[in-house]
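Pulled from Swiss-Prot, these are the features on record:
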CARBOHYD  ASN49  N-linked glycosylation site
CARBOHYD  ASN95  N-linked glycosylation site
CARBOHYD  ASN117  N-linked glycosylation site
CARBOHYD  ASN154  N-linked glycosylation site
CARBOHYD  ASN213  N-linked glycosylation site
CARBOHYD  ASN346  N-linked glycosylation site
CARBOHYD  ASN364  N-linked glycosylation site
CARBOHYD  ASN429  N-linked glycosylation site
CARBOHYD  ASN503  N-linked glycosylation site
CARBOHYD  ASN673  N-linked glycosylation site
CARBOHYD  ASN745  N-linked glycosylation site
CARBOHYD  ASN765  N-linked glycosylation site
REPEAT    132-155  repeat 'LRR 2'
REPEAT    156-179  repeat 'LRR 3'
REPEAT    181-202  repeat 'LRR 4'
REPEAT    203-226  repeat 'LRR 5'
REPEAT    227-251  repeat 'LRR 6'
REPEAT    252-276  repeat 'LRR 7'
REPEAT    350-374  repeat 'LRR 11'
REPEAT    446-468  repeat 'LRR 15'
REPEAT    496-517  repeat 'LRR 17'
REPEAT    592-615  repeat 'LRR 21'
REPEAT    691-714  repeat 'LRR 23'
REPEAT    740-763  repeat 'LRR 25'
SIGNAL    1-23  signal peptide
TOPO_DOM  24-809  topological domain 'Extracellular'
TOPO_DOM  831-860  topological domain 'Cytoplasmic'
TRANSMEM  810-830  transmembrane segment
Amino acid sequence: MMIPSQSCFCFFFMVSFFLHTLASPTLRHCRHDQRNALLEFKHEFPRVNESNQIPYDVSLSSWNKSIDCCSWEGVTCDAISSEVISLNLSHVPLNNSLKPNSGLFKLQHLHNLTLSNCSLYGDIPSSLGNLFRLTLLDLSYNYLVGQVPPSIGNLSRLTILDLWDNKLVGQLPASIGNLTQLEYLIFSHNKFSGNIPVTFSNLTKLLVVNLYNNSFESMLPLDMSGFQNLDYFNVGENSFSGTLPKSLFTIPSLRWANLEGNMFKGPIEFRNMYSPSTRLQYLFLSQNKFDGPIPDTLSQYLNLIELDLSFNNLTGSFPTFLFTIPTLERVNLEGNHLKGPVEFGNMSSSSSLKFLNFAQNEFNGSIPESVSQYLNLEELHLSFNNFIGTIPRSISKLAKLEYFCLEDNNMVGEVPSWLWRLTMVALSNNSFNSFGESSEGLDETQVQWLDLSSNSFQGPFPHWICKLRSLEILIMSDNRFNGSIPPCLSSFMVSLTDLILRNNSLSGPLPDIFVNATKLLSLDVSRNKLDGVLPKSLIHCKAMQLLNVRSNKIKDKFPSWLGSLPSLHVLILRSNEFYGTLYQPHASIGFQSLRVIDVSHNDLIGTLPSFYFSSWREMSRLTGEDGDFRLSEAPYMGKVLNATAFFVDSMEIVNKGVETEFKRINEENKVINFSGNRFSGNIPESIGLLKELRHLNLSSNAFTGNIPQSLANLMKLEALDLSLNQLSGQIPQGLGSLSFMSTMNFSYNFLEGPVPKSTQFQGQNCSAFMENPKLNGLEEICRETDRVPNPKPQESKDLSEPEEHVINWIAAGIAYGPGVVCGLVIGHIFLSHKHECWFMEKFRRKKPKVVTRIARPSKH
């Protein structure tokens, strides 16, 4: 007979064993109807890859009848009822749409449904509303289109609704107000539009609201005080308007508020708040239309870590009061109209400061010595202001400083050598004229980016720069350096990506130092006095995208060997002494990646075979075709460093003696300029293959024969100059259909027959057709008031006196926009804070002058 204690032990053991058996999904089979519904759902996606070799989070290889469905990957069953309560197929490539009668909707007991990153497309079926027990619905990172169905309101138990990064459109349904248990609403990166429904105010349990990067408009709800649990509020990059919703900042739990990139206006006003949010840590109000002064009430947010008020219309003086906030780490005031001196005072309470950006304002006076009290400072951006004087010695005390941007000010004097320990030094467009103690401390240099362009430096090229062995980008353009380029620059060629020395007085040959320059993207030595030949070591620059040697005295055969560089997009040899033929039968034609080529005003000769342009694939590939150019690939159109900003490049046009500069070369610019040489023979018929060509200048040569009919295929052509040749025959009537062509010149040839009667032709000046006696149909074009005398044509290569009738399209080398340099690094520190794909947004900003960008959080 058992003693009582033994009986109790046996009883509890049996009960525990029974409960364990009941709860174990592996010991209890799932219901047949659940299994069949799952298999039906699986069979709706016949192209799903079930290979275990593919590193997806879940595969469907385990979904077969020989295995209990509660053990299938991604499936979770209730321990008692064996109903499927969770389905997580994240990253399984379903590659199909959700069908309205899908087996998925037979799983009536689902609580959690995660189909993120499954390559789903098509509409969200309204039958999704049948899964009324859902508490979590995640359809993020797919290609879903259409509107959110009103049946979403049936999911009244939802606490998490995530539709991030799809292609959904239209207004949100009013039924969304039925989701009264919702805590996480994530609709960012879609195309939603219209107003926020009034029923949105029912969602009082919300912790996170993320509507970032849509097209919502109108005003935000005036009263948001009902969202007492709200922690994260992100409506950035929409079209909301009106004034700042003050009630938002009375929510005591609010920690993160992002309203940037909208059309809010009026003053930034926090007054009359009974209970300011003491938890607020991140406030982003940039890229709106706020005006007036920065309110001193901001200083009441004593937990504030990051404040971004950039690119508004704020006025007033420097907001010294901000620097009383002890937790403040980042302040961005760039792109406003703030004036006066910068005065920090004795504000050591803000010792946490890591980032200060006051660029593009109207601050003046000296840079304050007191900035040195912020010992944790990593970035200091003061570009585009009116600062004067010299760089304060006290800044050298900032041991953690990495990025120092002072472009476009009125600074003078010497550049101190302690700057070389930083990562980035950008001092362009000032009046610096010397270097202090340049050789000291260079063995410990860390500088990777050095921009000394557009200052007053003169004399021989400084050899001490060769000791900056970590350099990646060196910009010394637009100064008065003379003498030769030192061969010792080879010391950092292994790391260099950009070497910009244009517009100085450098002489001698370009040194043969590029054997190890495998990372070099851009080389610009234009507008100097260089002579000799192009160094053959350039053939090792396999990454090179831009080569500009314009306006020198280089005397060499045309470098057809450059055609083997796989990434060469821009080649500018203009105004040198290159000679010989472009086409060399023994060499590969190459130049498959060229987008801009300018060999004008040289001494090139010979004929071009009819197939000459047939290998120029980049100019023949229509935008949007497979493998299309990405902005981030080309420094002349958008050079990226740390995915944070871009260079600005230019295109110049000499028209009737006036040189006009376009401030931006974008990915659509495709240019050929062969003018001012001695090419002869027919214009190659293969020119018609270059479907993307925008500007074609073959003027001032000796081309003969007819104008190729294939030119009519260049539907994107905007400018055509065939003047000063020996062309004969008729102007192809098909050219009249080129609707984008606004500028043309056929003068000084032997053309005959009728001029096309299209609007593009009839709108030209008479001078575009002069000295073609047999042309007819010019009555409307050459009215008496438009007639001009026919000057004797001159074929001089002197760029200072161009003929009035000649249009020379020039793709200039990298014309770095002032202050753009600083933008290249601002996101480097911020990437861990807001985690946005900064670069793609940068090139879609509503404000074209923006040069800085703060990164985004993990979800928008």
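Even glycines carry a Cβ here, placed using N, Cα and C.
Structure with Swiss-Prot features highlighted.
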{"residue": "ASN117", "record": "N-linked glycosylation site", "Cβ contacts under 8 Å, 6 or more apart": "SER90, HIS91, SER140, TYR141, ASN142"}
{"residue": "ASN154", "record": "N-linked glycosylation site", "Cβ contacts under 8 Å, 6 or more apart": "GLY129, ASN130, PHE132, SER175, ASN178"}
{"residue": "ASN364", "record": "N-linked glycosylation site", "Cβ contacts under 8 Å, 6 or more apart": "LYS339, GLY340, PRO341, ASN385, ASN386, PHE387, ILE388"}
{"residue": "ASN503", "record": "N-linked glycosylation site", "Cβ contacts under 8 Å, 6 or more apart": "SER477, ASP478, ASN479, SER526, ARG527, ASN528"}
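DSSP states for the repeat 'LRR 25' (740-763), grouped as helix (H, G, I), strand (E, B) and coil, give 4 helix, 8 strand, 12 coil.
Of all the glycosylation sites in the record (ASN95, ASN213, ASN745), the one with the smallest CA separation from ASN673 (N-linked glycosylation site) is ASN745. All chains included, 21 other C-beta atoms sit within 10 angstroms of the C-beta of ASN429 (N-linked glycosylation site). Cβ-based neighbour count (10 Å, all protein chains) for ASN673 (N-linked glycosylation site) stands at 24.
For the repeat 'LRR 11' (350-374), the residues of the chain that approach it from at least six positions outside its boundaries are 305, 310, 318, 322-344, 380-389, 391-392, 394-395, 397-398, 400, 405, 819, 822, 826, 829-830, 849, 851-852, judged by C-beta separation under 8 angstroms. Mapped onto three states, the DSSP output places ASN673 (N-linked glycosylation site) in strand. Comparing ASN95 (N-linked glycosylation site) with ASN429 (N-linked glycosylation site), their Cα atoms are 53 Å apart once rounded. The glycosylation sites near ASN765 (N-linked glycosylation site), taking a 10 angstroms Cα-Cα threshold over the set ASN213, ASN429, ASN745, are ASN745. According to DSSP, ASN95 (N-linked glycosylation site) is assigned to coil rather than to any helix or strand. Across the residues of the repeat 'LRR 21' (592-615), the predicted structure has a mean pLDDT of 94. Cα to Cα, ASN745 (N-linked glycosylation site) and ASN429 (N-linked glycosylation site) are separated by 38 Å. Note on ASN745 (N-linked glycosylation site): other Cβ atoms within 10 Å of its Cβ, all shown chains, come to 24.
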